[in-house]
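According to TrEMBL, the features are:
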| type | residues | note |
| --- | --- | --- |
| BINDING | A:K104 | NADPH binding site |
| BINDING | A:E189 | L-homoserine binding site |
| ACT_SITE | A:K204 | active site, proton donor |
| DOMAIN | A:352-428 | domain 'ACT' |
There are 2 protein chains.
Amino acid sequence: MDIGIGLFGLGTVGSGVVKILQENMDQITKRTGSRLTVKHAVVHNLNKPRHGFTQDFPITDNASDILDNDDIQIVVEVMGTLDQAYDIIKRALNAKKHVVTANKDLIASHGQELVAIAEANGVDLFFEAAVAGGIPILRTLASSFTADEISRVAGIINGTSNFILTQMAINNLSYAEALKLAQDKGFAESDPTNDVEGFDAAFKLIILSNFAFGIQPVLGDLTINGIANLTDTDIADANSFGYAVKLLGVAQRVGDTKEAISIEVAPHLVPFTHPLATVNNENNAVLVNGESVGEVMLYGPGAGEMPTANSVLSDLTNVATDLALNTPGRPFNSFNQDLNLAKPSQRVARRFIVVEVDDTPGAMYSVTGMFAAAKISFTDLKQTPAANGTARLVALTHPASDAQLNVIRTTIRNADGINLAAEYKIFS
Amino acid sequence: MDIGIGLFGLGTVGSGVVKILQENMDQITKRTGSRLTVKHAVVHNLNKPRHGFTQDFPITDNASDILDNDDIQIVVEVMGTLDQAYDIIKRALNAKKHVVTANKDLIASHGQELVAIAEANGVDLFFEAAVAGGIPILRTLASSFTADEISRVAGIINGTSNFILTQMAINNLSYAEALKLAQDKGFAESDPTNDVEGFDAAFKLIILSNFAFGIQPVLGDLTINGIANLTDTDIADANSFGYAVKLLGVAQRVGDTKEAISIEVAPHLVPFTHPLATVNNENNAVLVNGESVGEVMLYGPGAGEMPTANSVLSDLTNVATDLALNTPGRPFNSFNQDLNLAKPSQRVARRFIVVEVDDTPGAMYSVTGMFAAAKISFTDLKQTPAANGTARLVALTHPASDAQLNVIRTTIRNADGINLAAEYKIFS
């Protein structure tokens, strides 16, 4: 069977898709039984030079050239913009074309609506490349853990921030220096907000939560904290206690009967002995905890031209299989259930807490009193002199809830001569 | 739809399968649209007590009770014996029943034949649980890397030997002590040959090679070395150079144009910075290198009741989907190609070599002369006094082929006062 592909976007990922299709044509045809060919590409800027593949298809800037083209059965959207992608994908699905996209923002924001449109039109909508680049986590969740009850999905799902944290830890760079290095290497954009403030990870975590738990969270359901306030001293202190600091997206069932769901993006302390702690630089990893399977981790490149393109290709070959078997139109993830969002009192974890306090007699007594009042007790404690005559108190705590931490935050905010410099959950 | 399951074997994995089916019945029905129920189990020993699940199905010791039962559409074979399993699976497939098995020896030895019988009868034959326990590596290879050209698949795929090596490295146990601990913990059998001599890993590597490269190797195509000759001194020396010692199964394309395939089970030195080095104790991991995707690793429990049962369940839910869509009968892996086996001269790697030599003047001169004659040069060298007036020379080499190593082996075997104590490839 001949299958025509229309490509929206010929940037990094788009070029990679064309390259793989051209270089591995024989193997793909042999394995899927179908010949997948790019018939047309639509781009923003027609004058941009394009390399690395044979251009044997027309390139224009008019969406209708793909959407009205009867030779095209699958639309690949790798433009990376939100509004236009939304319109284009909607039009493509309604024109009964299968869609493969790498657009995490779009799927996280409008996934439910687009999935319904695809189903109504009997076409496939796949987006493996939207989460964790080359790591095939979505299809694995949808096809290999279907019978298991997943208790947690947690991941290093933003390569930029992981690169920055790795450089801070290994090469003792400051946050600003590590960010600059990431920008020089092309891992971070000139405006890094989306990556370092945790929004990129949040979009991916929304999609992971949908696949792992069948829920449909919106951005407002998440607690999101980025890495911009982390200092190299925080990281060094965490290291000294045996922990790496990683920006994790964590969605997990909590509560006495695991009845609620907590969805959070934040820096976490990860024990050096845990597999997630060894995921360095721009790499990604997703950890899945299932009641039956236990702990499974998928590790790999979180971004990059060819790994991301490979995930697009895995979607394309799955559409090809569906076409050959005449079975398209099933949702990528068919799991649906409702779970309540966790209350702060249900979000319990050990903590890493840094308090700066004026170095005066009785100061430490007053600080420890505040924690005692909030019923938060310590497992490890370290005091060092800090700048300007203050003392730096680093504490690891026994499990404490977000509700208890809110008490401490308020108490400290209302007190003089004490500042809560850092507070992170310990992952276990 | 109601789907009846017949279970051959109610040991560890079989009980786990029943437990998950019973405990997660609602979720499975919701996600697959089918109600999967065990209708009958056939066991060897009817008198064995069985716990952990509600026995709401008959248990007999007569295979025909399942094979001739029209209420049963899927046969699950988790008996763990080879000959009987072969007959039963063949009869089941010919009776047009779908088969799910965890039997790696069987699939590695008779997979090609059984796959053909399944296809001829239009039924599914799945065996995710046969490789790496709870890690969903086979379905991932079959559905997510279809468009990529895989250059290497490498894994820690025998939990018993990995447990032994981990205990030797971390707790400084001797091989015998570590083996005893593994036996006490139930990770090793009283006769550990299959695990420690590398045969279990070899069977799994045969299946992985089939999925990654589309080839059909037989046991005789593999180079197999186990861990029984490894000493704690070897491991300590490897550690001192920055390497962990792991029993790896490695199948990779080699040769100038990557035209040949090398398939080997052997202890390897793995750099501490590589993700495989952090896989400890009974855990497994499989690393996949693809031309496009780069390096991806799947990590998880390599054995155990519930993880392995979860892989059986993932096969069952995939059969259920095929039944609902009316698409059964496609082979689990549809990739087929021929590749020549690598020649010794094509199997090139850096090496860790230990030579014991009589501590006499000129001895080291003579040893280094042997390596020079074989054109093997060193990157690192360490000499320490060994027992009985001998010197222990530990060397890391530049890349050298198996052919060159064969020269050295022969030279040393024919020389007096020198012994090749250990020789392992360095994984990179």
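Backbone N, Cα and C atoms are what each Cβ position is placed from, and that goes for glycine too.
Locations of recorded TrEMBL features on the structure.
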residue	record	Cβ neighbours (10 Å)
A:K104	NADPH binding site	24
A:E189	L-homoserine binding site	12
A:K204	active site, proton donor	26
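Averaged across the domain 'ACT' (A:352-428), pLDDT in this predicted model comes to 94. It is 6 Å from the Cα atom of A:K104 (NADPH binding site) to that of the residue listed as 'active site, proton donor'.
In the three-state DSSP classification, A:E189 (L-homoserine binding site) falls within coil. Distance noted between the C-alpha atoms of A:E189 (L-homoserine binding site) and A:K204 (active site, proton donor) is 18 Å.
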